[in-house]
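Taken verbatim from TrEMBL:
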- 24-47: transmembrane segment (TRANSMEM)
- 59-81: transmembrane segment (TRANSMEM)
- 101-119: transmembrane segment (TRANSMEM)
- 139-157: transmembrane segment (TRANSMEM)
- 196-224: transmembrane segment (TRANSMEM)
- 236-260: transmembrane segment (TRANSMEM)
- 272-291: transmembrane segment (TRANSMEM)
Amino acid sequence: MGENMTWVSEFILMGLSSDKHIQAGLFVLFGVTYLLTLLGNGLIVLLIALDPRLHLPMYFFLCHLSVVDICYTSSGVPQMLAHFPMEKKTISFALCGTQHFFALALGGTEFLLLAAMAYDRYVAVCDPLRYTVVMSPRLCMGLAGVSWFVGLVNSAVETAVTMRLPTCGHNVLNHVACETLALVRLACVDITLNQVVILASSVVVLLVPCCLVSLSYAHIVAAIMKIRSTQGRHKAFETCASHLTVVSMSYGMALFTYMQPSSTASAEQDKVVVIFYALVTPMLNPLIYSLRNKDVKAAFHQVLKKNFESKN
C-alpha cells in the first residue's frame with residue numbers, strides 16, 4: 001500500500017472543450033469579460049476613493065467587495081486564458097495549491113462581506129437615526145477584518161486537507177481550475193475527513209452568513225411594510241435592491257452546489273459554478289451597484305466632468 005500512496009508533481013486540466021474553434025471563441029469571450037471585470041471593479045474602487053460623498057459604510061464594504069472580485073477573477077481566469085491555445089493544459093502541484101487557496105479564501109471573504117453589507121442595510125432601514133453611530137468606522141473595519149480573516153483561515157484549513165490527498169499517480173482533473181471537489185475525486189484514499197471539512201466550511205462561510213442575511217432582510221421587510229407612504233416604501237427598498245440582487249445571485253448558486261449530497265454533484269456542474277463565480281459575478285457586481293445607485297452614478301459623472309474641464 002505504501003508504494004501506491006503517491007503524489008503527483010503536476011495536474012492536467014481537461015478544460016471546457018477540446019474543439020479548437022470553441023476554445024478560440026471562449027478565449028475571446030473570457031478575455032473580454034475579464035477586462036470588463038477589471039475595468040468595472042477598478043472604477044468602483046477609484047470612485048469611492050476620490051469622491052467624499054462615497055466615504056460611507058455602504059461604500060466602504062462595496063470597495064472591499066470590488067477588491068475581492070478583482071483578486072478572485074485574477075486567481076483563475078488568466079490561467080484559463082493561457083490554457084486555451086494549449087493542447088495539454090498542465091498546472092504544477094504548487095501552483096494548483098496556490099490557486100485553490102486564493103480562490104477559496106476570496107470566495108469565502110465575499111460571502112462574509114455580503115453578510116456585513118446586509119447588516120449595514122438593516123441598520124440603515126430599521127434604525128436610520130442612529131446609523132452613523134452604530135456603523136462607526138471601528139465597527140466597519142472590524143466586520144471587514146473578520147471577513148478577510150475567516151476567509152483566509154477557512155481556506156488554509158481546506159487547502160491543507162485537500163492537497164494532502166494522494167492520487168496514486170492519477171493527475172487528470174476534469175475541470176477548468178484546481179477546485180476542491182475535482183481534487184477530492186482524484187483521491188485514492190478515504191475522503192471522510194475531506195467531506196466533513198467541506199461541510200464545515202460550507203456552514204461557516206456560506207450557511208451562517210446566508211442565515212444572517214435572511215434575518216437582516218426579514219427585519220428590513222417588516223420595517224418597510226410599516227411605512228405608510230408608497231414613496232417611502234419605494235425609497236427604502238431602493239437602498240437594498242442592489243445588495244439583494246447580488247446576494248441572491250451569489251448565495252443561490254453556492255447553496256445549490258455545495259450543500260447538496262456529493263453523490264449528485266457532477267464535474268460539468270462544478271465547471272459551470274467556477275466559471276459563474278470567476279467571470280459572471282465579478283463582472284455583474286459593479287454594473288448592478290452602479291446602475292441602481294444614484295450616488296455612484298453622480299460620482300462617475302463628476303469625475304468625467306472634472307476630466308473634461310481639465311482638458312479645456
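Any Cβ shown, glycine's included, is placed from N, Cα and C.
Heads up, TrEMBL stuff is auto-annotated, nobody curated it.
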With a cut-off of 8 Å between Cβ atoms, can you find at least three pairs linking the transmembrane segment (139-157) to the transmembrane segment (24-47)? Only pairs 6 or more residues apart in sequence count. no
Stretch winning on C-beta pairs under 8 A with the transmembrane segment (59-81) (pool: 196-224, 236-260, 272-291) is 272-291
